[in-house]
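Chemist: TrEMBL lists these features:
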ACT_SITE  His183  active site, proton acceptor
BINDING   81-85, 91-93, 163-166, 258-259, 282-284, Cys319  NAD(+) binding site
BINDING   Cys191, Cys196, Cys217, Cys220  Zn(2+) binding site
COMPBIAS  1-13  compositional bias 'Basic and acidic residues'
COMPBIAS  18-30  compositional bias 'Acidic residues'
DOMAIN    53-333  domain 'Deacetylase sirtuin-type'
REGION    1-30  region 'Disordered'
Amino acid sequence: MSDASEIPKKEEGALAPEPEEESDDCGEDEATEDMEFLRNLFSRNLGIGTPDKVLDELTLEGVAQYIKSGKCKNIVCMVGAGISTSAGIPDFRSPGTGLYANLQKYNLPYPEAIFQIDYFKKHPEPFFALARELYPGQFKPTVCHYFMKLLKDKGLLRRCYSQNIDTLERVAGLEGDDLIEAHGTFYTSHCVSFCCRKEYSLGWMKEKIFSDDVPRCEKCSSLVKPDIVFFGENLPLRFFTSVKSDFPRCDLLIIMGTSLQVQPFASLVSRVSKSCPRLLINMEKAGQANALFGILGFGGGMDFDSDKAYRDVAHISTCDDGCLALADLLGWKAELEDLVKQEHARIDSQDQSSESKGAPAKL
């Protein structure tokens, strides 16, 4: 399924318990993070303490100057469906064009049912029909994907946290250690039977989907589901363990193409230190939590407009345009455009080679 869209899960009760730490170092990280969160909480909501202002100005130019200063070495990216729409993959919520607005043909009781684990186990056909339309390998990464690859190549990217399941981050060159696929991935699949859990490859699943077969386990005949996270399932364990190490060290958070409405992903914006700048590149402002959510630490509490704003920047544009503008300010624009051109040509060449041999195009 090439659904770069963020699977809209975790809004209701699918929050996995955070695992206990296994080393003293991890315990220290957690204690430091908890103390930083409390400092941030009191500073932000009770007016205690003076936050450090890192950016000279709350603009894209200010962010660029900060990156160029050499003080920014651990950038964390949080991305959602908006970074893949220019590749031709629909997001979920856009009126008229979003995925939810175009699911009538599947005769669902309600649009979200297609990603409900209980509904899937009884009626898997709609999901696999959708997967056939949006399967990984049919779309190319966008300018935004390659901007993150450029951050990696320059030694600035600590991690990318993605809500997407389209695997385009991987196609663009972000490898396993660079990437946290918060809502799972199509790269592997497993039998849904708790007693079996046999694993299947991307190639096996692709063959089943495109032969119109409902994938069933060769061992126990239960359904086989790609390892994407449905409503009613827990996020990957690695999501929680990585958050504890990455966000206290983050010195620039770049949020792109997400509405910041899905928990627990949305609350990650509040896990960075109180001095860490946060840049949102999106078609509209997001993450501005109400006072109650801010006190509880959910939703991020981003502040773009008040007199107290000191670190949050909203650049309202498409994700591709925002990344090109930032790359231009950094002196990377030509390098980014060349990278996109070269990689797209390489992908096209691979597809043509596969087709000439009579084989399906590879991811």
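Cβ coordinates are placed from backbone N, Cα and C, and glycine is handled just like the others.
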Chemist: An 8 Å radius from the center of the Cys191, Cys196, Cys217, Cys220 Cβ atoms defines the neighbourhood of the Zn(2+) site; name the other residues of that chain inside it, in order.
Modeler: Val192, Ser193, Cys195, Arg197, Lys198, Glu218, Lys219, Ser221, Ser222, Val224
Chemist: Using C-alpha atoms, which one of the binding-site residues Ala81, Ser84, Asn164, Cys191, Cys196 comes nearest to the residue listed as 'active site, proton acceptor'?
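Modeler: So, of the listed binding-site residues, the one sitting closest to the residue listed as 'active site, proton acceptor' is Asn164.
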Chemist: Find, among the binding-site residues listed as Cys191, Cys196, the one whose Cβ has the highest number of other Cβ atoms within 10 Å in the structure shown.
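Modeler: It comes out as Cys191.
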Chemist: Compute the C-alpha separation of Cys217 (Zn(2+) binding site) from Ala81 (NAD(+) binding site), stating it in Å without decimals.
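Modeler: Cα to Cα, Cys217 (Zn(2+) binding site) and Ala81 (NAD(+) binding site) are separated by 30 Å.
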Chemist: Pick the one among the binding-site residues Ala81, Met283 whose Cβ has the fewest other Cβ atoms within 10 Å in this structure.
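Modeler: Among the binding-site residues Ala81, Met283, the lowest count of other Cβ atoms within 10 Å belongs to Met283.
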Chemist: List only the single closest residue to Thr258 (NAD(+) binding site), chosen from the binding-site residues Cys191, Cys196, Cys220 by CA-CA distance.
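Modeler: Given the candidates Cys191, Cys196, Cys220, the nearest one is Cys191.
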Chemist: Taking the Cβ of Cys220 (Zn(2+) binding site) as the centre, count every other Cβ atom within 10 Å, in any protein chain shown.
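Modeler: Its Cβ has 13 other Cβ atoms within 10 Å.
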Chemist: Taking only the Cα atoms, work out how far Ala81 (NAD(+) binding site) lies from Cys191 (Zn(2+) binding site), in Å, as a whole number.
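Modeler: That comes out at 27 Å between the alpha carbons.
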Chemist: For Cys196 (Zn(2+) binding site) and Asn164 (NAD(+) binding site), determine the Cα separation and express it in whole Å.
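Modeler: So the alpha carbons of Cys196 (Zn(2+) binding site) and Asn164 (NAD(+) binding site) sit roughly 27 Å from each other.
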